[in-house]
Amino acid sequence: MKGTIIKGIGGFYYIKIDNSEEIIECKARGKFRHTELTPMIGDYVEISIDKNNKGAIEKIYERRSELFRPAVANVTQALVVFSFKNPDINIDLLNKFLLLCEYNNLKAIVCFNKMDLVNKEDYKDIISMIEQAGYDIIFLNAKEERNMDIIKKLIKDNVTVFCGPSGVGKSTMLNKIIGKETMITGNISEKLKRGKHTTRHSELIYVDEGLLVDTPGFSSLDINFMEKEDLLHCIPEFRDFIGECKFTGCLHHREPNCAVKKAVEEGHIHKDRYNFYIKTLEEFMNRRKKKW
């Protein structure tokens, strides 16, 4: 049988079988320890069931993508959720989430929630910065379900992770999207023993022909595992100017005749995105100096 790992806890993995609402509890075969391949939420797997009705993961199919913070496989897109007010927007944090999406080859869609609290015109420079970077933006008021129909359409045929700081309304969005009528409730709830006040672990939820990553650990992030060379490739606006700088390996920092810096001066790259890049690059370089 084949299916998708929707939850993993204490060495047990819960697999939703293809074309069924059946959830089977499995352990991973010992052979995976020798390959250093650990099953992850989102993995598409092949399982067997022995005569004692015990399940075992026999094969993990090739992953399209891997996230390690949180640990989820085969995610296709991220909804990066922020609000302008309550809490006030942190531009550097938003840019860090976008960096992480680029690093993991995820399509990022920026969702500004709680739009009933603000005048969009007051934040047009931030909006311009995100649009100029090439990201789609959706303006929401999740409590009143404003534009939630757009979100539901995006989820179809995708594995979607919600990310963003605490308090911006991610839980409200999830609740509006999932709804009691669309959750596979009884079977999953019984198998996973998920109570109202239990400790939460990452899991996948099937809804509207798509999968949602419901995770408690994607509200803040650390990008210190990245190298400065990674950073260069995680700012999509730079890509049109790669190879046009005077020096090979240009970091677009203090080097002369830099095509990226010229693009900033000419308004092709937003100055705030470039300033964020320089700030982050210098943090990475200072970190490396401290190691030595």
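Glycine residues also receive a Cβ, built from the backbone N, Cα and C atoms like all the rest.
According to Swiss-Prot, the features are:
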DOMAIN    64-221  domain 'CP-type G'
BINDING   ASN113, LYS114, MET115, ASP116, GLY164, PRO165, SER166, GLY167, VAL168, GLY169, LYS170, SER171, THR172  GTP binding site
BINDING   CYS245, CYS250, HIS252, CYS258  Zn(2+) binding site
Site extent for GTP (largest Cα pair distance over ASN113, LYS114, MET115, ASP116, GLY164, PRO165, SER166, GLY167, VAL168, GLY169, LYS170, SER171, THR172, Å): 19
Residue among the binding-site residues VAL168, CYS245 whose Cβ has the most other Cβ atoms within 10 Å: VAL168
Inter-residue Cα distance where the pair is CYS250 (Zn(2+) binding site) and THR172 (GTP binding site), in Å: 44
Integer Cα-Cα distance in angstrom, LYS170 (GTP binding site) to CYS258 (Zn(2+) binding site): 40
Entry from the binding-site residues list ASN113, SER166, THR172 having the most other CB atoms no farther than 10 A: ASN113
GLY164 (GTP binding site) versus CYS245 (Zn(2+) binding site) - Cα distance in angstrom: 34
Among ASN113, MET115, GLY164, SER166, which are recorded as binding-site residues, the nearest neighbour of HIS252 (Zn(2+) binding site) by Cα: GLY164
Cα distance (Å, whole number) from CYS250 (Zn(2+) binding site) to SER166 (GTP binding site): 37
Those residues of the chain, 6+ apart, with a Cβ under 8 Å from that of MET115 (GTP binding site): PHE84, PHE139, LEU140, ASN141, ARG146
